[in-house]
Each structure stands twice: as C-alpha cells, then as structure tokens.
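Beneath this line is the structure, given in structure tokens, with notes to follow.
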Amino acid sequence: MSGVNEIRSMFLDYFRKNGHEVVPSSPLVPRNDPTLMFTNAGMVQFKNVFTGLEQRPYSTAATAQKCVRAGGKHNDLDNVGYTARHHTFFEMLGNFSFGDYFKERAIELAWNLITKEYGLDAKRLLVTVYHTDDEAFGLWKKIAGLSDDRIIRIATSDNFWAMGDTGPCGPCSEIFYDHGDHIWGGPPGSADEDGDRFIEIWNLVFMQYEQITKEERVDLPRPSIDTGMGLERLAAVLQGQHDNYDIDLFRALIAASEEATGVKAEGDRRASHRVIADHLRSSAFLIADGVLPSNEGRGYVLRRIMRRAMRHAQLLGAQDPLMWKLLPALVGQMGRAYPELVRAEALISETLKLEETRFRKTLERGLNLLEEASADLSEGDQFNGETAFKLYDTYGFPLDLTQDALRAKGIGVDTDAFTAAMQRQKAEARANWTGSGDAATETIWFELRDKHGATDFLGYDTESAEGVIQAIVRDGTVVESASKGETVQLVLNQTPFYGESGGQVGDTGVVTTESGKLTVTDTQKRGEGLFVHYCVVEEGSVKTGEAAALAVDHARRTRLRANHSATHLLHEALREVLGTHVSQKGSLVAPERLRFDVSHPKPMTSEELKVVEEMANEIIVQNTPVVTRLMSVDDAIAEGAMALFGEKYGDEVRVVSMGQGLHGSKAGKAYSVELCGGTHVSATGDIGLVRIVSESAVGSGVRRVEALTGEAARAYLGEQDERVKALAAALKVQPSDVLGRVESLLDERRKLERELTEAKKKLALAGDGQNGSGEAAREIGGVRFLGRVVSGVEPKDLKSLADDGKKTLGSGVVAFVGVSGDGKASAVVAVTDDLTSKVSAVDLVRVASAALGGKGGGGRPDMAQAGGPDGGRAAEAIEAVAVALAG
C-alpha cells in the first residue's frame with residue numbers, strides 16, 4: 001500500500017521521465033492573478049503561459065500544487081468534516097502541455113500512469129467525454145481499449161472548461177473509479193450520479209478553442225493540455241479506502257488529535273477530529289505562505305478556518321489551545337515535500353496558539369449568547385439571520401460557527417437575512433465614504449502603455465538623462481500641451497526617475513525643455529511598466545514630442561538609497577535575532593525615515609532591538625560593495641536570495657547582495673541577499689549609521705520597526721545628547737550620572753508621597769476644623785460613629801484611612817467622604833468585625849452614594865465604597881449615614 005508521499009513522488013517522477021519539467025508548487029496566494037483569493041488549481045501559476053502573456057523555457061510541466069478552497073464559489077467549509085471528500089486544503093497533481101502534445105499523448109500518459117505505474121484495475125475505470133468530442137471518444141477506445149458503454153458522453157458544462165467569458169477553452173475528459181456495487185450511486189450522467197460509488201479521480205482538459213465573443217469560438221493555433229487529479233482522492237483509491245479521511249496522512253493527524261484530547265474519533269466526535277485535521281493543514285500552509293489571521297480578505301478566511309477548528313477542539317473538551325500541539329505531526333507528514341512548513345514552524349505554532357488563546361473568550365461568550373437566542377427553537381426551525389449577524393458584527397462570532405453549533409440541534413440559519421444585514425451595513429459604510437475618483441483615470445495609463453510601450457528606466461545607473469515627452473495628461477485627459485501653473489502628468493520614453501514600488505517612494509526633481517520647466521513632485525508606476533511623472537509647470541510651457549532634460553533630486557535620492565539598503569540589513573538582522581519565521585509584511589522607504597513591518601507574534605524586547613541594530617551597524621562599518629546581479633528567479637532562489645512575499649517578479653530579477661556575515665551560518669557568506677527592484681547605496685558604509693527609534697504593533701502577528709539612517713540618525717542622536725546635557729545641567733550632575741540622580745529623586749519622591757499620605761490621613765483622623773461634620777466620634781444608638789468629610793486624601797487612600805479609623809474606635813462605624821478637584825465625591829464606610837452581624841457597610845455606603853447623586857455601591861459587610869457626582873453634598877452624605885445608622 002503506497003503512502004501519500006510515495007504517491008506524490010511517483011507522479012512527479014513519472015512525468016519527469018516522460019520529458020516534463022517538474023515545477024514547484026506556487027504559493028497559496030497567487031502572485032500574478034489578483035482575481036483569485038487563493039490558488040485553487042494546478043493551472044493557476046500557468047495562466048499567463050496558456051494565454052500567451054508569458055513564456056517559459058519548457059513546453060511541458062508537472063506539479064503537485066497545494067490548493068485552498070474556502071471562499072467564494074469554492075466555499076466547502078460547511079461540509080468539511082461531515083463528508084468523505086470535502087477539504088479546505090488539498091493537493092492537486094497535474095501535467096501540462098503548452099502547445100506541445102495534445103489529446104492522444106495526454107490520454108496515453110494518464111492511462112499508463114494509473115494502470116501500469118499505480119496498478120489500478122482497468123475494469124474499475126470508466127471515462128467521460130464532451131458529447132461532441134468524437135476525437136477523444138475514439139482515442140479512449142484506441143489507447144485504453146474501453147468499450148463504448150464505459151466511455152460516457154456528457155452534454156453539460158461539467159465536461160467543457162473555460163477560463164472565463166473569453167479566452168482559452170475546450171472539452172474535458174474525466175476518469176472515474178468504481179468503488180463497487182456495495183456503495184450506492186450510478187455512473188456519471190445517470191439519475192444516481194450524485195452517489196458515492198463512482199468517484200472522479202482525474203480531469204483532462206483539452207484547450208483547443210479560443211472564445212472570442214459569446215457567439216464566436218475559433219481554434220487555437222497551439223492547443224494545450226491542463227490536467228488535475230486530487231492527491232487525497234487518488235490515495236484513498238490506492239489504499240483501498242472509500243473515505244479520504246481514512247488515508248495514511250489523515251490517520252496520522254487524527255491520531256495526534258485523539259492523543260492530545262484523550263477522545264477517540266468515534267460517533268459524533270468523529271467529525272470534530274476530521275475538521276481539526278483538515279483545518280490544521282489549511283491554516284498551517286496559509287501562515288507559511290504569509291497569510292496571517294485578520295478581519296478582512298485572506299486573513300479573515302484564515303481566521304474563520306482556524307476558529308471553526310478551535311470550536312471543534314472545544315467540543316472535544318480541550319481546555320487549552322490544541323492546534324499548535326498537532327503541528328509537529330503535520331510537519332512530520334508533509335515537511336519534506338513542502339519545506340516552507342519546516343521554515344515557518346515557529347511562526348505557525350505561535351500564531352495558532354495566540355489566536356486560539358484570544359478566541360476562547362469570544363467562543364465562550366458567543367456560545368452563551370447563541371444558546372440564549374436559540375432556546376425556544378426546535379429541530380427544523382430557522383435561526384434569525386439578523387441575530388446571527390449581530391453575533392458576527394458585535395461579538396466577532398462568525399456565521400460558520402453559528403451554523404456549525406446549531407447543526408447538532410437540526411436548526412438552520414436564515415442566511416438570506418444575514419446577507420441582507422451584511423449588505424445593509426456595507427451600504428451604510430459606502431454612503432459615509434467618498435472615493436477619490438482615481439479609478440476613472442486608470443484606463444488612460446493602460447491605453448498609453450499599449451500605444452507607447454513600457455518606459456525604459458535608467459535610474460539604476462544615472463540620476464540625469466534625456467527623454468522625449470510621449471504624453472501629457474491633465475485632469476484625467478490626454479492633452480497636447482500645458483502652460484505655467486498647470487498640474488499635469490508626463491509620460492516619457494525613458495527616465496531616471498524611480499516610480500514608487502517595493503515600499504520605496506517615487507523620485508522628485510526637475511524636467512526642463514526648450515520652452516519650459518517643470519517640478520516633479522512624485523513618480524508612480526502605472527499600467528504595467530509605465531512611469532508617470534506628477535509635475536507642476538513652473539516656467540513657460542511644454543508640449544508632446546519635445547525633448548526633455550530629466551534630473552532627479554540627488555540629495556533626496558541619496559537618502560532613499562541609504563534607507564532602502566538599511567531595510568535589507570534590518571530584515572536580515574531581525575531574522576537572525578528573532579528566527580527565520582520573520583518575513584517582510586510591508587515597508588516604507590522615504591527620504592526622511594524608513595518603516596518596516598515584519599511577521600512576529602509578540603513585542604520585541606529592548607535587548608533584541610539593541611542586538612538587531614548592532615548587527616546592522618556591523619555590516620555598515622564593513623563598507624563592503626553592494627553587488628547587484630540579474631538572473632532568473634529560480635537561480636536567485638537557489639543561491640539563497642530572499643523573495644518578498646506578495647511581490648511580482650518577472651523571468652529576470654535583480655538580486656541585491658550586501659555585507660559579509662560574521663556569525664553562525666552567515667559567517668563568510670553574503671550577509672543579505674534579496675530580490676529587489678529598488679535603488680541602493682554603492683557600499684554599505686554609505687548608509688552611515690542606522691538607529692531604531694520605535695517598535696510597535698500594527699496588527700495581529702505583525703510588528704513595525706521604524707528607523708533613521710545617515711544624517712537623520714546623527715541628528716536624532718545629537719538631539720538626544722542635547723536633551724541629556726540639558727537634563728544634567730538642571731540636575732547639577734555630569735551627563736553620565738543623570739540616570740542615578742533621576743532614580744534617587746524618584747525614590748525620594750515616592751518616600752515623600754508616602755509621608756504626605758500618612759500625614760493627610762492623620763490630619764483627617766485628628767480633625768482640623770475644616771473637615772466638615774464630626775470632628776470627634778459620637779455615639780448613635782449605642783454604636784460609636786466617626787464621620788468626616790476629608791480633604792487632600794486620594795480616593796485610593798480612603799480605604800486605608802477607614803481601616804485606621806476602625807482601629808481608633810476599637811468598635812464602631814467609620815464613614816469618610818473625599819471630594820476630588822472636579823467636584824466628584826468618593827465615599828467609604830467601614831464597620832468593625834464585632835458589628836457586621838448588625839450593621840452592613842454596603843447598606844450604609846449606598847445611603848451615602850444616594851446623597852451624593854450616585855447609584856449603588858458595593859463591597860463587603862465590613863468595608864464598602866461608592867461615589868457620586870455631587871461633592872458639594874459631602875457633609876449631607878455623612879449625616880445621611882448617621883441617620884441610617886440611628887434608623
């Protein structure tokens with residue numbers, strides 16, 4: 001019986017032997033497709049290859065692609081754990097031909113693999129073809145020897161694939177496995193096709209057409225192949241299982257869950273273990289690929305997945321965070337095939353643990369509210385969608401969990417009402433927001449890009465150049481010329497001005513023509529490679545077609561270079577100090593400062609920040625050359641270059657290396673090696689100095705480091721030095737003795753504050769003629785009573801003052817009211833232990849509170865506190881307590 005890892009390896013090895021390039025899985029967040037939330041199929045990373053927008057050095061490929069389907073039309077979340085084949089995370093095995101082989105070779109490769117390599121019984125296999133695809137029908141008969149009744153023609157869209165309304169498309173052919181007549185279900189196309197007897201294991205897509213319009217379809221000049229086979233389904237078949245959760249990989253994860261919870265995966269507990277096993281996979285892989293839990297976008301989908309698993313952990317009786325404890329089992333099963341799991345293990349573990357710790361409070365509160373709201377419902381009823389939305393919006397309790405919790409009772413949720421409430425809230429939010437209108441002008445840049453081509457960027461080698469003005473845009477419209485005082489955008493054939501990207505802000509400077517002069521206030525990248533210069537015409541006029549002299553602001557660019565290079569050094573130093581889980585989540589490289597966001601689950605200590613800064617400055621002091629090379633992405637990664645998550649890279653990339661490592665695994669090697677399109681210093685010494693000035697949180701699991709370099713850092717340190725000198729002069733000590741003197745003064749102040757508090761308490765107890773009612777204790781109904789309005793005593797000290805009053809009385813009741821500077825009053829009543837059976841401090845302090853215009857009050861029978869807004873009635877409050885005591 002083959003394990004999942006062996007099955008995956010056999011697939012890739014088979015296609016490698018048959019001339020295919022084995023391409024690594026792309027990340028779960030698509031690099032080149034903003035229309036997708038997650039990678040959900042093997043062909044996603046090849047989409048631009050199929051459409052002809054991208055060229056690869058190979059014409060056939062094979063992959064084992066990690067996929068997530070947990071959002072949009074592919075949202076299987078509700079079914080996961082309760083069915084045999086629904087997953088949020090799965091692996092798709094696929095082979096691809098980009099204009100190389102077509103139907104015959106694709107069918108031959110597929111049939112030989114599953115029958116000869118994997119050894120499946122051909123008698124248990126049948127296939128489907130699109131109803132008009134006679135060619136595929138004939139090839140299955142020829143290659144596989146299948147009889148006509150085992151080649152089923154399907155007329156629905158299930159057997160015709162399209163990339164979209166337009167673009168490549170073509171018929172499909174699916175291979176099905178017959179699990180046997182002991183399982184209910186009919187073959188595809190039959191009335192019972194939804195049964196579980198016949199299971200699709202492989203889909204072959206024959207891309208042979210291009211959809212031009214809804215009515216027009218033409219043949220592709222180079223037909224292609226895209227296939228996809230679910231690894232988990234295939235493993236179930238090869239391991240003699242009918243249920244994906246019974247394969248070796250899931251058995252190992254479920255066993256770990258059973259051991260951690262002490263609960264067997266039996267009966268109604270079975271689904272919970274399955275949910276946890278599945279959701280652990282998707283959560284871990286998403287975190288490894290740079291997604292962190294949040295309240296929007298991909299991060300929110302991840303949070304929903306994690307929280308659903310955590311809800312099932314709670315159902316299994318887990319008292320403490322569970323999922324992070326199961327991570328080693330997952331890494332053991334899949335870490336060799338996907339080393340990113342190993343690299344990110346610490347981050348995944350911390351994130352799972354932290355999220356579950358935070359969520360337990362939300363879960364407990366949400367379940368209690370849900371229980372109250374559904375108490376009157378019975379099986380078959382619908383839970384109010386508005387209430388479900390309130391649970392989500394106010395208490396952070398996701399709809400998935402509401403549905404999951406009510407499922408056991410047979411209660412549904414009115415999702416239409418939930419959606420309506422959600423849409424209503426969004427509409428209200430939109431009504432309160434006014435857009436900038438920038439989107440309306442965005443198409444202009446694509447049109448100009450199509451007309452003139454991409455701008456040639458010269459700024460790596462020079463800060464000045466000559467160019468030709470290709471277009472002038474004013475107020476979103478292309479114009480022929482612009483005059484003094486007008487604000488416009490220029491597009492030129494080439495430029496030394498850097499367009500904002502990779503966190504580095506755009507260059508500024510001057511553009512000069514024969515007839516005019518412009519100040520460049522910003523430079524942006526638009527429309528796939530177009531550099532747009534935002535300008536103000538300062539002198540004369542400019543017109544399309546003119547030659548122009550371009551000059552970047554040298555001093556500003558110099559500061560940008562230093563700050564950008566410093567981010568690379570800080571990035572590497574943070575990874576050295578905090579761990580390799582650290583990855584860049586965002587940055588701002590501005591001329592005056594740099595800002596750097598990284599993945600890390602907790603605040604950095606002052607010692608960690610000190611070491612990070614020291615390591616970066618060590619490399620700066622080396623003053624070694626900063627080396628830039630051009631190479632392919634694969635070669636760069638192979639050499640250890642760090643690719644920043646979410647960045648889009650072409651076939652050829654710039655690799656920036658700087659410094660020589662001095663410690664650990666970096667010793668003797670390049671210290672920092674990153675893929676980067678920004679501008680950098682020539683040597684590390686040009687940075688001058690880096691100084692970290694702050695570290696803070698910007699979101700769950702993301703920390704922000706802000707720093708200064710060069711002159712800005714020196715100025716900052718100079719200002720700090722001047723402050724210390726001024727402080728030393730004020731304290732009449734040397735600068736080196738400031739800390740000791742301040743600590744001494746603080747100790748002295750604390751001592752004086754304690755003495756002052758004690759003096760105020762003694763004065764209040766003794767009475768000073770200004771403390772209102774009751775300068776001495778009096779007897780009321782046989783009980784000694786000491787009541788005073790006290791001045792100069794903080795509310796927090798009233799209790800200890802009351803304790804002292806009890807000691808003074810020996811037996812009796814003490815009531816003190818203090819008035820703060822804003823006119824509000826605080827009251828305390830204390831009763832000696834011998835009287836608490838007769839007199840309650842809580843009852844008496846509530847009387848005082850009422851007199852002060854307050855409500856309530858609380859504490860113990862021997863000591864209670866309250867307050868009120870009307871401090872002017874403090875004396876009345878004391879007398880009210882006396883009257884109540886006499887009562």
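Quick reminder: no glycine exception, Cβ is built from N, Cα and C everywhere.
As recorded in Swiss-Prot, the features of this protein are as follows:
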BINDING   H564, H568, C676, H680  Zn(2+) binding site
Intrachain C-beta neighbours of H564 (Zn(2+) binding site), sequence separation six or more, cut-off 8 angstroms
G503, Q504, V589, L594, C676, G678, T679, H680
Within 8 Å of the Cβ centroid of H564, H568, C676, H680, the other same-chain residues by Cβ around the recorded Zn(2+) site are S565, T567, V626, V656, M658, E674, G678, T679
Under DSSP, is C676 (Zn(2+) binding site) part of a helix or a strand, or is it coil?
coil
Around the C-beta of C676 (Zn(2+) binding site), how many further C-beta atoms are within 10 angstroms, looking at every protein chain?
25
In chain order, residues whose C-beta lies under 8 angstroms from the C-beta of H568 (Zn(2+) binding site), counting only those at least six residues away in the same chain, are V656, M658, S672, E674, C676, H680
H680 (Zn(2+) binding site), Cβ-centred 10 Å count of other Cβ atoms over all protein chains shown, is 26
